Amino acid sequence: MKFVGFKLIFIIALSLMGSVVNSEETSDFKLPTNFKPISYELNVTTYLEDKFVFEGVVGIRMTCVEATDTIVLHSTSLNIDTKSVVLANGGENVIPVSSVSFDPDKEFMHVKSTVNFKPCDEFVLTISFTGNLTDDLVGYYRSSYVDKESNQTRWLAITYFEPLGARRAFPCLDEPVYKAIFKIRLSHKKGLTSISNMKFMNQINCPSNSDYVVDEFEESPPMSTYLVVYMVSDFVYTEANSENDQVNYRIICKKDLANQTEFAINLGPKALKYHEEYFDEKFPLHKQDMAAIPDFSSRSMENWGLATFQESGLLMDLDVTVIDDVYEIAHLIIHELAHQWFGGIVTMKWWTGLWLNEGFAEYAGFRGVDFLFPESKYFQVENVKNFLLVLDQDSLQSAHPLAVAIGKPDEIAPISADPITFAKGPILLHMINTFLGENTFKQGVRNYIHKYKFSNAEQDDLWCSLTEEAHRQGTLDKNLTVKQIMDTWTLQTGYPVLNVIRDYSAGTVTLSQERYLSIKSNGTDNKTCWWIPITMTTSGDFNQTNPTFWLNCENNNLTTPLAKDNEWVIYNMQMTVLSRVFYDTRNWMGIICTLNDPTKYETIPTLNRVQLILDSLSFSQVGDLDYEITFQLLKYLKNEKEYTPWFAALSGLVMIDDLLKRTPNHAVFQKNMRDMLSCMYSKFRNMDEKVNGYENIQLQSLVISRACQYKTKDCIQRVLDLFRKWMKSSDPDNNNILPKELKETICIQAVQYGGEEEWNFLFERYQRSNLPIEKYYMIFALGYTSIESLLLRYLNWSLDESIIPREDAPLVFYSETFNEVGFLVAKEFLYCKIADIYEYYQRQGDSLGGYVNNIASQMKTKEELEEVTVRGNVWNRYESWFDYTFS
C-alpha cells in the first residue's frame, strides 16, 4: 500500500461531509409569498401507551399579500381528511374550497378556493389532522424510560422541530420568516402533565373523554414554527427562587434525576439576567423551562421558553462531575438562553443565516461562562479549540462559505451539523469585537435587537447596525463598513495566510495574502482576498489589538518600514484574526531563540505561542517550512506550563500520529512523544494528587491521557492499578475511588490496555449508573478495547435500543474508529451493516453520514479512498446525502 500525504484524511472526511457547497438559493422549495400567517390556534390531543397517535385541529389566521386563489403551506407525515378543510373570511363566512392537494416532494399542501384572494384580506384556514407518535426523534415523537421504583416503562411525547419538523406535527407555514402568534391547547390523559413555550394558564376536563384533560397556555409573541415546542409526560418540576419575579425558571426531568438539577436551577436565572443586561432587553416571556429528555437527537435545542436537552447536557451530580463537564453544561445552558434573544426575539429570515444564529449563541455562551465563572478562562480555551477545528477544515478545497446558500430542504441538515457553522462564527464575532472595541460591538448588537424585535433579520442587518454605531463612536473609518469587511469572511470559502517577508538590509517588511490551502492546487488562488486587520509587535506589547491598518485586495503586497535591528516581528496579536502567519526563516529563528529561553518565552503571550505552534506544524505538513524549524520551536514545551499551547501542540501532532498508525514507524513516533511528554508527565504522574484550577486540571488530564496513549509504561501500570482497585471495591457503583477529574482518562486507558474483565466491569457500571454524564464517558471508553470480539459485539449492541439508547449509539461507532484495532472492525461493520444502520436511523438527519465521516477521517491510503468511493456509489441509494458526497 502506497502512502499518500497525511492531509488525505481531511480531504476524505470533508468530501464525505453532508455540507452542500455549490448550491444556490432557489425559491422552488420555498413557499410562495402570497400569504403570511398572523396567528395559530393549535389544539393537540396526545394518546400514549395504547395507540401512540396524536390528533388535532389548527386554525391559521393569515393575510393575503398577493392576489391568488390558492393557499400553499407545509404538511408531511400527517393524515388529513381533505373534506374537513375549512376556509373562512374573517372567521365568519365560509369560502368554498374547490380542491386540496399535496406535493410530497416539496412537502406542500395546496388549498384552492373558488374565489380569488385580494391583498390585505384576512382568512382563517382550519385543518383537522392525525399523526403517529413515531420513535424517529423528529417532529412530534414518543420516548420512554424505565421507572426505577416500579420497573415499569413510562412513555412521553415531545417535539423536535428544527429545521423542518413542525410540518410533521401540524400543517403550517414552516419557514423561519413566517413568524406568528401561537395559542396552544394540549389534551392528555389525567395523571400526566403538559408543557409548551408559554406559561400554563388553566386546565379543564375534556368534554369528549372523561379520562382526559385540556391544558391551555398563554398566547405567545410572534415566533417561528421551528421554535414551537410541547411535551406530555409524568416528569417532575424543580423551580428556582428566581431573582426576577416576572420569570419562573424550572428544570423538568424524570423523577429519579431530580436530585441532579441543582446546578442548572441555580445557573439559569443568573444567565437570564446576564443576557438581559448584555442585550439591554428584558426577557419577554413569563417563564423559562429547561427539560432533560431521555431520547433526544441533538445535544440541546433552544425552543422559545422551553429549551430541551439530552440528559447529559443539563443534569449533573456536582460531587462526581468533572470540571470540564461542569463548564460544558454551563455553556450549553447559557448558549440556549442566548438563543431566546438571538433566534427567539430576532430570528433569521432563512437557513442561510443559521451560522449567525448559532455563532452568536456560541459566542455569548463562551463569554457568559467567563462572566459567571471568572476563574475559568473558558473563553480562551474554547476559542483555541475552535481555531484548531476551523483552521483544519476550512483549509480544504471542499470547504464551503460560512453563509451557505440553501436551495433545498435536505441541504439544511448537513449544514446544521457542520462544525464550521458553530465554530467559525464565534471566532469572527470575536474578531469584530476586537477591531471595533467592546463598547461599539455591544451597543451595535443592542441596536440590532431593538430594531428587529419580534421580527426577522439577516447578517447584513447586523452589519448595518454595527457600522452605524462604529461610525457614531468613531471606531471605524467613515469610508469603511462592517459589511465590506465581513462579506470577505462569511461569503468566501476559507481564510488567508498572511505572508510576512522581511528585507533585513533595507529595513522593510512586505505583507501579502492568499487563501491558505492544506493541499496545494495547480494554480495559486488569486481570486479571493480578505480585509485583514493588521496588528503586530516587535517590542513585546501584545495587548494592542486595534488594527493599525487593513490589508485588502487593493493594497496586497504592501511594503512598510521595519527597523533592521529587531530580533523578530510577530503579527496577529492575541490570535484575534482567523488566519495563519508565515514568516521568513530568519524571523522564525529569532522567535525560536526567545521561546527556548526559559526566562523569556512568556514575553510572547499564551495565544501567540499557540498560533506559532499551530502555524509551524501546518506549514511543515504542507512542505512550506522545514520540519527541523518546527521541532526546534516545539523544544520550548519542556518549559511550558499552560494548557492551551500543550493542547495545540499535541493536537497538531495527532495528525502525524494518525498517519503513522498501522505502520512500522508508529513505534518510533511514540518513543519521540514519550520523550517530549516526560517532564510534564513526571509532574502529574501521581494521579491521586489533586490539581486545582480549570486549566491545570485540563492539562493534567491531557498529559496523562497522551502519556498512556504513547505507551509510557509507568502511566499504563498506574491506570490499571487504580482501575483494578476500583473493581475490587465492595460497592463500586457508589464508591468510585478513581480521582474525580481523571475518571474518563483512566477508564479509556484501562479498557484499552486491560482485558475482557475490565470491559465487562465498566459496561456493568454503565448499565447501573444513574448519572447521564458518567454514562456518556463510559460508553465512549468501552469502544477503546483492543479485543476484536468485544468491539464487534459492542457495535451490534449499538443497534439494539434495549441495550444502548439510540442517542448513544453513534458514540459507540465514533470511539471505535479512533482505536487502531477498532477502526478495522468498525469499517467492516459499516460495509456489512449499512442497510441496518440506515434503517435504524431512517429519517433522522445525517446520522448515516456521520458514520461514513468517522471512517473517512481515519483513512490515509489511496486504496482506502478508492474502496470507500466505490462503496459510496452503492450507498447513495440509501440517502440523498450521498448524492452530494460522491458526485
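Glycine residues also receive a Cβ, built from the backbone N, Cα and C atoms like all the rest.
Annotated in TrEMBL:
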type	residues	note
SIGNAL	1-23	signal peptide
DOMAIN	36-227	domain 'Aminopeptidase N-like N-terminal'
DOMAIN	263-489	domain 'Peptidase M1 membrane alanine aminopeptidase'
BINDING	H335, H339, E358	Zn(2+) binding site
ACT_SITE	E336	active site, proton acceptor
DOMAIN	568-868	domain 'ERAP1-like C-terminal'
Segment confidence, the domain 'ERAP1-like C-terminal' (568-868), expressed as mean pLDDT: 91
Cβ neighbour count within 10 Å of H339 (Zn(2+) binding site): 26
Which of E336, E358, all recorded positions, has a Cβ with the fewest other Cβ atoms inside 10 Å: E358
Cβ-centroid neighbours of Zn(2+) site H335, H339, E358, 8 Å, sequence order: E302, E336, A338, F342, G343, N357, F360, A361, E362, A364, G365
Rounded inter-Cα distance in Å - E336 (active site, proton acceptor), E358 (Zn(2+) binding site): 9
